[in-house]
Amino acid sequence: NAVIGRYKLSVQIGSSSPESLGTFVLLFNPWSSGDDVFMPNKAECEEYVLEEFGIIFAGNKNHISGFGWNFGQFQGDILNICLSILDRSLYYRQDPITDVSHRHDPRYLGRVLSAMVNANDDQGVVLGNWSGKYEGGKNPSSWTGSGEILQSWKKSGFKPVKYGQCWVFAAVLTTVLRCLGIPTRTITNFSSAHDADGNLRVDEFYDADGNHLERGADSVWNFHVWNESWFTRNDLGPSYSGWQILDATPQEESGGIYQCGPASRYAIKEGEVDLDYDCPFVFAEVNADCMYWNYDSATGKKTLIFSKSTEIGDSISTKAVGRDDRVDVTSDYKYEEGSAKERDIFKKARKKLGLEDKFDPTAPTQEEIEQKPDISGKFKVAGSLEVGKDLNLLLVLENLQSDAKTVNVNMTAWSTLYTRRPVNEIWKDSISVTLAPKEEKQFPIKIKYPEYQQQLTTDKTIQVTALCHVEDGIQVLVQRNITLDNPAIDIQVLGEAKVNKEVVVEVAFTNPINTEVKDCVLQVEGSDLLQGILELRIPPLKASEKSSTKLKLIPSEAGPKYLLVNFSCDKFADIKTFKRVNV
């Protein structure tokens with residue numbers, strides 16, 4: 001339980017004056033059974049402390065994808081930078097002696113670092129940007145590792161690095177905590193709630209044409225990435241030890257600054273939202289109820305379209321130990337959706353937050369919640385979801401009643417950020433439909449590549465909405481969030497990789513669209529395979545043309561290593577892939 005950090009070591013012989021032997025850095029030790037971060041499983045120690053490569057999951061709950069990340073916690077100057085992060089925190093600046101005396105406690109350090117990895121309040125490491133415009137910095141989706149970010153922060157005289165979004169904050173925090181010896185991993189939550197007002201409910205608003213309105217501070221993100229770190233909770237008791245949630249993405253203030261956690265994962269599952277730290281916010285991220293409203297801007301009137309209690313917190317994912325696979329950890333965060341136990345825990349959490357007894361004028365009435373629609377609808381994907389190809393969908397409407405129904409449908413498609421923030425309108429249409437009793441009808445929708453190409457954000461996400469006005473019935477909202485895939489990029493290692501011997505790697509990309517692509521840049525990195533980041537400019541590629549680029553690596557260490565490649569051009573942003581290289 002000693003304080004971690006840099007120590008001076010000297011030796012004194014007899015009564016002579018002490019001789020300095022130099023300095024050493026003391027870290028947490030997850031292999032030692034007395035340490036707060038002790039992790040009994042050796043394979044987990046290997047993955048969560050020693051592994052410099054990770055996979056972060058993204059996309060949306062219907063279409064999960066993963067990309068590689070180079071944590072690089074043992075490279076170059078990273079340890080020194082991690083120690084200097086601690087010495088630049090608000091806590092240290094306000095009271096250095098007290099701050100340093102707490103540095104034996106992973107709870108304390110986890111909370112301090114969740115604040116320091118974002119730039120809010122304290123000139124921390126990464127500046128967030130969710131505007132869709134990234135002038136003056138790097139697009140968050142273009143980073144491939146934490147090393148470049150931490151080095152840039154130091155080189156600039158500790159000015160925040162531009163720009164990050166949730167996975168960047170989580171990846172940098174993983175690097176720093178692993179570097180200090182605290183077992184840490186990234187977690188991705190799909191359909192993640194940002195409950196700004198603490199009522200365990202997120203409200204989404206749509207106008208009569210089906211456009212998603214930016215009203216109110218609540219939102220649902222296609223995915224959100226945070227961290228789990230492993231340590232004991234002496235403050236709460238043994239059952240709350242183990243994985244603790246930390247979140248460095250600046251979403252809501254806690255104790256007056258943008259920090260989040262550690263929240264015990266066990267406390268979240270059991271609805272113990274009154275325990276330290278920030279449990280209500282994390283509980284809402286995976287459990288909030290969703291309310292969809294129709295908002296009339298002329299009158300200011302809002303009408304509930306429908307509510308859903310099973311929407312939020314889906315396919316919670318992390319990388320497997322020792323394998324490049326996805327593991328689903330949803331059942332560690334909550335009981336099965338729709339089960340009586342899950343609803344009981346939700347009620348328990350509401351009660352602890354004092355929401356059960358308080359009248360909430362913004363909440364829908366029981367009558368509104370229980371109203372039953374006459375029709376149901378869904379969007380089905382027909383064909384592939386790839387940037388560069390037309391988007392083909394089917395709107396499926398079904399009459400649930402035994403009399404005919406007339407329905408006016410207003411449809412829109414918007415390009416969005418992964419936070420579902422609408423950016424550009426891509427397409428709109430309206431149709432009038434008559435459905436015979438119990439009839440199901442399908443309506444094909446085609447959005448051509450040239451229609452969406454200019455409007456697409458680098459998140460490659462589109463929200464399609466159909467607001468169905470049923471004559472003499474209640475409105476029905478049909479929506480789908482679509483994430484498009486980038487075309488593939490291929491890596492081949494030509495020959496055997498050996499320590500300190502040159503090996504050639506070939507990276508190939510074929511232009512899949514029928515127009516030329518230009519401004520092509522290839523970015524390559526990999527711990528122990530090459531120093532820093534290699535950036536190569538590639539000549540323009542005509543329609544269907546293939547480019548093949550050869551580069552030389554000189555591995556510096558044996559074992560399984562990972563090469564990360566990021567390819568960008570004017571039509572495709574940040575096509576990522578990784579390749580395991582056995583050295």
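FYI, residue positions are counted from 1 along the chain as it appears here.
Note that Cβ sites are derived from N, Cα and C of the backbone, with glycine treated the same way.
Features as listed in TrEMBL:
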type	residues	note
DOMAIN	158-250	domain 'Transglutaminase-like'
ACT_SITE	Cys166	active site
ACT_SITE	His224	active site
ACT_SITE	Asp247	active site
BINDING	Asn287, Asp289, Glu337, Glu342	Ca(2+) binding site
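Features recorded in TrEMBL, as mapped to the structure shown.
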residue : record              : Cβ within 10 Å
Cys166  : active site         : 28
His224  : active site         : 26
Asp247  : active site         : 30
Asn287  : Ca(2+) binding site : 24
Asp289  : Ca(2+) binding site : 22
Glu337  : Ca(2+) binding site : 15
Glu342  : Ca(2+) binding site : 18
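Predicted-model confidence for the domain 'Transglutaminase-like' (158-250) is 96, expressed as mean pLDDT. Per-class residue totals from DSSP over the domain 'Transglutaminase-like' (158-250), listed helix then strand then coil: 17 helix, 41 strand, 35 coil.
Here the candidates are the active-site residues Cys166, His224, Asp247. The one whose C-alpha lies nearest to that of Asn287 (Ca(2+) binding site) is His224.
Here Glu342 (Ca(2+) binding site) is compared against the active-site residues Cys166, His224, Asp247, and the shortest C-alpha distance is to His224. A 10 Å radius around the C-alpha of Asp247 (active site) takes in these recorded positions out of Cys166, Asp289, Glu337, in sequence order: Cys166.
The Ca(2+) site, placed at the center of the C-beta atoms of Asn287, Asp289, Glu337, Glu342, has further neighbours from the same chain whose C-beta lies within 8 angstroms: Ala288, Ser309, Thr310, Ile312, Gly313, Lys334, Gly338, Arg343, Phe346. The distance from the Cα of Glu337 (Ca(2+) binding site) to the Cα of Cys166 (active site) comes to 25 Å.
In this structure the alpha carbons, written CA, of Cys166 (active site) and Asp289 (Ca(2+) binding site) are 22 Å apart.
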